[in-house]
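Below is one structure, written out as structure tokens; the observations come after it.
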Amino acid sequence: MDAYQEKGALATYEQDERAKQRRWAPTFPELKLLLIASTGFFIDAYDLFIINLVFPMLSQIAFGRPSSSPSEISLSGGTAKAAANIGCVVGQLGFGAAGDIFGRKAVYGKEMMIVIVSTIFLISPPSVGEHGFSGVDLFTWITVFRVTMGIGIGGDYPMSASVVSDRANLRRRGTLLAFIFAAQGWGQFGASIVTLIVLACFQTGIQEHGNVGQFNACFRICFGVILVPAFITLWHRLRLPESTKFNAVNAMREDKDDKILNADDPKAALQAQTAQDVHPEAIESQKNDSNNSNNSTHSNEKDIEVAPEQPQQTQSEEVDPDAGKPTKHVWYEKLGAFNEFKEYYSEWRHAKLLLGTTSTWFLMDIIFYGINLNQSVVIDAVGLVDENSGSFQYIWDNTTANLIICAAGFLPGYYVAMVTVEYIGRKWMQFFGFLLEGLFLAILAGAFDYLREHTASFFACFALLQFFFNFGANTTCFIMPAEVFPTRVKGFSHGISAACGKVGAIIAALGFGEASKHIGTDNTLWIFFGIAIVGAAFTLLLPETMGRDADIIDMEERREAHAKKMQDN
């Protein structure tokens with residue numbers, strides 16, 4: 001217990017201690033955690049955006065033409081592209097709530113299982129023409145299993161955000177969260193690379209011999225190759241221990257007599273309660289693991305795989321509190337966490353934060369997915385690819401254009417955000433990100449006819465738009481919900497925020513094609529411009545979260561409320 005008495009589950013974050021911690025020198029456990037979480041986001045982004053590249057292949061197989069237009073047939077167009085995002089809403093809400101109720105360890109990894117099973121089904125539909133299987137049947141199959149895959153992808157948002165922010169130290173928390181989110185860029189980039197490689201392998205049969213049926217193999221390989229990193233990531237996620245902060249949440253939930261809140265030093269009382277929940281043999285085992293890790297890395301820093309936000313902590317504090325003893329948490333007690341969520345958001349000061357994170361993510365994803373799920377449509381609209389060039393050449397040119405835009409603007413934006421987020425702050429990066437997105441959307445919309453005739457100018461504007469998506473609101477909309485809410489409601493709050501974003505993505509996926517068809521692509525971009533300006537306004541509802549410890553704030557608020565309640569009685 002001594003080890004716990006000198007650390008604490010909700011330790012006080014001293015400014016001088018934080019100043020000693022190196023901003024750009026993650027330890028081995030941090031790197032391991034980042035790889036586990038970021039590989040999942042790589043897989044998620046690959047799965048979300050590969051449909052943009054595979055869609056022309058599916059269109060060729062089903063309807064005999066490689067069109068990128070999502071308005072060909074409602075089911076085979078917008079619905080197929082929106083399918084994963086529809087599933088994401090369910091996954092974000094469900095896994096976010098489960099993570100707060102049952103703990104990160106109990107839930108993390110289950111979302112990857114859903115992604116793996118769904119991907120196996122995605123690569124297994126019958127070929128069109130076999131046993132009466134039609135093109136519409138193919139798109140129905142793809143749509144159904146992209147919905148189920150989306151449930152797993154959606155679950156990764158609140159779970160990975162909670163797992164990393166629970167363990168991140170305040171000095172570099174934003175950098176770590178930005179790092180795992182940046183894997184989205186590599187997922188989209190990887191999708192383009194894989195598609196080009198697969199097309200190159202089948203070029204002779206498709207282009208020279210006219211065997212377009214080989215697109216059947218192409219789309220299955222493009223969907224299925226991601227299974228390799230998915231299985232590797234799953235194994236590591238299932239082995240990740242519970243976070244110290246969630247153990248502290250359980251200690252507070254078990255404190256029916258409010259002994260912790262009544263204590264002179266509630267943090268000391270909380271750490272003592274947390275220590276009692278850990279089996280001594282498990283502590284000793286984890287101590288040995290921690291010592292071995294420190295010796296192997298020759299590092300003087302503590303092993304912070306589980307709680308790097310606390311400089312004094314060691315990995316021994318990361319033990320599953322249920323190890324070696326019967327659990328004290330029965331199902332009905334765990335489900336009582338919903339009342340905790342309701343109570344927390346009954347106050348306007350907390351509800352305002354949720355309004356800020358949900359509204360900005362909703363508006364951001366209307367623009368972001370409206371552009372990126374339909375990037376091929378925009379590329380087609382400005383004449384960068386020629387639909388009459390043949391099915392293979394059309395798909396090759398479309399994929400190449402997507403790759404260039406991703407490399408030129410999409411990826412750099414993530415990493416500029418990662419490097420600067422601890423200096424600029426989250427709030428102002430998001431505010432000015434929205435404004436700059438609006439600026440380049442206005443340029444694209446206002447000069448649309450000119451840009452159709454000047455390819456280089458279009459690429460420059462479109463790449464800058466992608467850059468400020470990620471060096472801006474797309475990154476901060478993910479970071480801020482992971483920082484502004486306390487651990488006890490973080491998973492569900494992040495899940496609700498992300499789900500609102502995906503609702504925006506669904507609207508964009510279903511509506512972009514119809515809007516472009518009826519009012520033109522340029523006028524659709526003007527609508528996105530207006531949405532970006534509104535997003536900047538809603539950002540003002542949020543506080544700056546750089547250096548914010550939501551658990552300390554929550555503890556003080558609960559003490560004040562408890563003291564007031566005692567006075568009233």
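Cβ atoms here come from the backbone N, Cα and C positions, even for glycine.
Some features that TrEMBL has for this protein:
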COMPBIAS  278-287  compositional bias 'Basic and acidic residues'
COMPBIAS  288-298  compositional bias 'Low complexity'
DOMAIN    33-547  domain 'Major facilitator superfamily (MFS) profile'
REGION    271-325  region 'Disordered'
TRANSMEM  33-55  transmembrane segment
TRANSMEM  107-126  transmembrane segment
TRANSMEM  138-155  transmembrane segment
TRANSMEM  176-200  transmembrane segment
TRANSMEM  212-235  transmembrane segment
TRANSMEM  401-424  transmembrane segment
TRANSMEM  431-451  transmembrane segment
TRANSMEM  457-480  transmembrane segment
TRANSMEM  492-512  transmembrane segment
TRANSMEM  524-542  transmembrane segment
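Comparing 33-55, 138-155, 401-424 for CB pairs under 8 angstroms to the transmembrane segment (492-512), the maximum falls on 138-155. Beyond the transmembrane segment (431-451), the same-chain residues lying 6 or more positions past its ends with a Cβ under 8 Å from any Cβ of the stretch are 360, 364, 367, 382, 457-458, 461-462, 464-465, 468-469, 471-474, 476, 521-523, 525-526, 528-529, 532-533, 535-536, 539-540. Counting Cβ pairs closer than 8 Å and at least 6 residues apart in sequence, the transmembrane segment (176-200) and the transmembrane segment (524-542) reach fewer than three and form no contact. Here the transmembrane segment (212-235) has Cβ contacts under 8 Å with residues 36, 39-40, 42-43, 46-47, 50, 53-54, 57-58, 60-61, 109, 112-113, 115-116, 119-120, 122-123, 127-128, 191, 194-195, 198-199, 202, 205-206, 391-392 of the same chain, all six or more residues outside its ends. Under 8 Å from some Cβ of the transmembrane segment (401-424) lie the Cβ atoms of residues 23, 52-53, 171-172, 174-175, 178-179, 181-182, 184-186, 188-189, 192-193, 196, 375-376, 379, 384-385, 459, 462-472, 474-476, 479, 546, all in the same chain and six or more residues away from its ends. Within the model, the domain 'Major facilitator superfamily (MFS) profile' (33-547) carries an average pLDDT of 80.
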